[in-house]
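K.L.:
Would you mind keeping the following structure in view while I ask a few things?
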Amino acid sequence: MTLQIIPEISSLRARLAGENSIALVPTMGNLHAGHIHLVELARQRAGCVVTSIFVNPLQFGANEDLDNYPRTLAEDCAKLQAAGADIVFTPSVQEMYPTTQTMRITPPPIANELCGAARPGHFDGVATVVMKLFNIVQPHIAVFGKKDFQQLFIIRELVRQFNLPIDIIAGETQREHTGLALSSRNGYLNEGQKLEAQRLYRTLKLIVDNVQQGNRDYPAIEAQSSQYLTQLGWIVDYISIRSSTTLLPASLDDHNLVVLAAARQGNTRLIDNIEFSV
């Protein structure tokens, strides 16, 4: 089946009328194997797979890389065709925001921590565009990656608190053989930085091993790990051990945990996380 490219909301709604099993995979394009894994998960679960490609200006801060974000539509469409997607929704900014978007979704306070602390307003922009996409596509299933763990948590809350009839499917983080999490931003790394970038995942694995061997002094583990990366030239935004169910800082009563990190190699901000149990 040939991939359909649809840029207009009205045309997409007309095409989807009568479909009784729709999966949505929202992306900003510049697709890699991590995105394609999400499309394949969607393909297994739904009769009609819609991938959106939209570089959402609401989720970029004043000093972030909106204008420089790679736009690779032809290559993306070839990958989506091969992965079995049915439709790619490619709206313009004018199509998604014909007037100033004065109505916004305000996420819970957790959105101001972790990645939200360094990127104020980011998750407002994410939640708002995802709600718009949910309303436009009206999917039965939506697929998001676990690499953006905080985003996944906020979207699950969006669905729960607004009673949206959508099943959220979480795709496992896809990695290079070195352990580096696949990311569109990896393309910004030079060879030396890419070699060093492997260390982020290795550091998280060491934290998991440390905790599972009985060390429960989470603040000390976080501080030591941040100091270790800083001494190696990283600029660390955060390393944080949290409850994977509430995303609040982990207490000794929590058994399902996630360690999350964001740190920069040069100008490139990398994020990663590992879920684990104790």
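In case you wondered, yes, glycine gets a Cβ from its N, Cα and C as well.
Take a look at what Swiss-Prot says about it:
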type     : residues                : note
ACT_SITE : HIS35                   : active site, proton donor
BINDING  : 28-35, 145-148, 182-185 : ATP binding site
BINDING  : GLN59                   : beta-alanine binding site
BINDING  : GLN59, GLN151           : (R)-pantoate binding site
K.L.:
Could you measure between the residue listed as 'beta-alanine binding site' and LEU182 (ATP binding site) for me? Cα positions, answer in whole angstrom.
P.N.:
20
K.L.:
Counting only other Cβ atoms and using a 10 Å cut-off, which of the recorded positions HIS32, HIS35, LYS147 scores lowest?
P.N.:
HIS32
K.L.:
Just to verify a number: CA distance, ASN30 (ATP binding site) to GLN151 ((R)-pantoate binding site), in angstrom, no decimals.
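P.N.:
Distance between the two Cα atoms comes out at 19 Å.
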K.L.:
Here are some binding-site residues: GLY34, GLY145. Which one has the most Cβ atoms within 10 Å of its Cβ?
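P.N.:
Answer by Cβ density within 10 Å: GLY145.
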K.L.:
Measuring Cα to Cα, how many Å separate HIS32 (ATP binding site) from GLN151 ((R)-pantoate binding site)?
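P.N.:
Cα-Cα, rounded: 19 Å.
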K.L.:
Rounded to the nearest Å, what's the C-alpha distance separating GLY145 (ATP binding site) and HIS35 (active site, proton donor)? Just drop the number here, would you?
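P.N.:
Here the two Cα atoms lie 8 Å apart.
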K.L.:
Please report the DSSP secondary structure of GLY145 (ATP binding site), reduced to three states.
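P.N.:
Looking at the DSSP assignment, GLY145 (ATP binding site) belongs to a strand.
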